[in-house]
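Working notes for the structure below.
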Amino acid sequence: MGKPKHYRPPGKKKEGNAARYVTRSQAIKLLQVSLSDFRKLCIHKGVFPREPKKKVKGNHHTYYHLKDVMYILHDPLLEKFREIRAYKKKIKKAKAKKNDELARLLLSRAPSYKLDMVIRDRYPTFVDALRDLDDPLTMVHLFAMLPAIDRLKIEVKCIHNCRRLCHEWQAYISRTHKLRKVFVAVKGIYYQAEVEGQKITWLAPHARQQVLTDDVDFNVMLTFLEFYEALLGFVNFQLYHSMNVKYPPILDPRLEALAADLYALSRYFDANYKTSVQEPQVAGSSISEQEQEESNLRLAQLQRQLPANEPGALMHLVQDAASETEEDEATRDCKNLFQNMKIFLSREVPRESLLFVIPAFGGIVSWEGDGAPFAEADDSITHQIVDRPTQGHVYLSREYVQPQWIYDSVNARIILPTEAYMVGRDPPPHLSPFVDNEAEGYVPDYAKTIKELQAAAKNDVQPFPGMGNDVLDNSQNMLAEGYISRTEAMEAAEKKQKMMLLEKQYHDDLKMELQDVSSINKQSSAEDMESKEELLRDVQQSAMDSEDLSRLMMSRKKRGLAKAIEMNKQRKKDHVEKLKERKRNIEAAQKSEKKHKKA
């Protein structure tokens, strides 16, 4: 009897999945590190478990590709981790011998590691880093809102560093008007920006007390955060240098302490712009002022305090950078949305979010408190954002609106009418800009209203006095598409009205003629209808038969895929029907409420 086909003598090398994949315990043994260090290395190097088709050691193991493990094995970071582990043993030995002085000395000289080379390795180009920035931004914004807890190893230094990075990122986005979409949800506030052609979406939690649960492994999250902080620092550095602005920014500690980062970063950018772009002047007075400014900046650097909760001045930059590239159409639209508007924020509104959003769309903003650019009593304020039903003192020269008006105007890219957002009223539904209503199959009423307002704002079309919107529908659509001018639109509306009158007269005459002939043709029409119905039934039956036949000819995989597509379509249809039913119920409830009020 001959040898089996796949026989291999004992001791020979493996093949297939057994050779390509190793379990986690085998990987740790190969790298000679602890489990915690192995987790850190995997997170920093971007190595994740794999799912082989055939699990050689069983289903209860975690598998890694051997190439990924060898990728970690030849990394300098592994050697650094081993060095730190050996150094910790020295400190532990000194403490065990009660040699406190040596332990203190060893702690002060403890080795540390940097992730610079890892980031350069994982992201060869800057666009690669931007493409992978969604999760880092979300994580850093989350930890910027968390409290510092020693039990979970969440340090104060870590929280403040996250807050600083968030503010610096928001400063660049706001300054360059790169913000595109904002949506306020239960989880937090979703933002989307477009930087160098890459759409970056992140979630910032609401500014309230966060409750930490025990079912989250914060050690793993802190390891991810360590990498994300380094990555975001590199990205901010590159973005600031693209504007000829030094990084990191040096802020005035007095303004930081007052949570007035708005003025602090404005001054910093202004000083940097003058020193980097403008030529130094010859006059002695100007030179002394420049030296004074530089000494102030050095003093601010030495006395720098921890950043405050507000993003503040990271939101507004005064001077235009000389190296700024040409703005595209979307950036110009965003830049001019809130132009010539002075907006004041009351105490109860989400100040941190609005301080970021309003300057990003060209508005001037202030708030209630020390260090604010202008006070509430300023006569030039055009809008005040409030979120309470009554106001102590009302200024007649400004409009009082709810915060949702800002977000809806930003998403629509037009200044929406403020009547629906007045104080004390229920605002319209806050529609998500991330949902494609046409693709979903259901377009909300307010979305249709916004489309009409956008078309009207784009072409400056106003309803004519004494005429309804129905008369203008066709001409307005043509005008929105840029086919005709405004005078031609008026002519088209008049022509349409005449045509409607002639059409009505023609239909009346036709009806009179048909009444005479209808008695003669009743019998023949009934027979025609029956024959048409039979033909339609035959067509439907043949279509169903051909569909069944084509399905029988499919392979099992394609048949399952077709079934999944049908189920998805049905699910979407059910969801749309549910939304329509909910709308009908709301309308019925509103009608009954009005009847009760009248009664």
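Glycine is treated like the rest: Cβ placed from N, Cα and C.
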Name the residue range among 77-104, 301-328, 497-524 that TrEMBL annotates as coiled coil.
77-104
If you average the pLDDT over the domain 'BRCT' (333-423), what number do you get?
87
Per DSSP, what is the residue tally for the region 'Disordered' (562-599) in helix, strand and coil?
37 helix, 0 strand, 1 coil
Residues of the parent chain within Cβ reach of the coiled coil (77-104), under 8 Å, 6 or more residues beyond its termini:
31-34, 37, 40-41, 44-45, 110-113, 115, 117-118
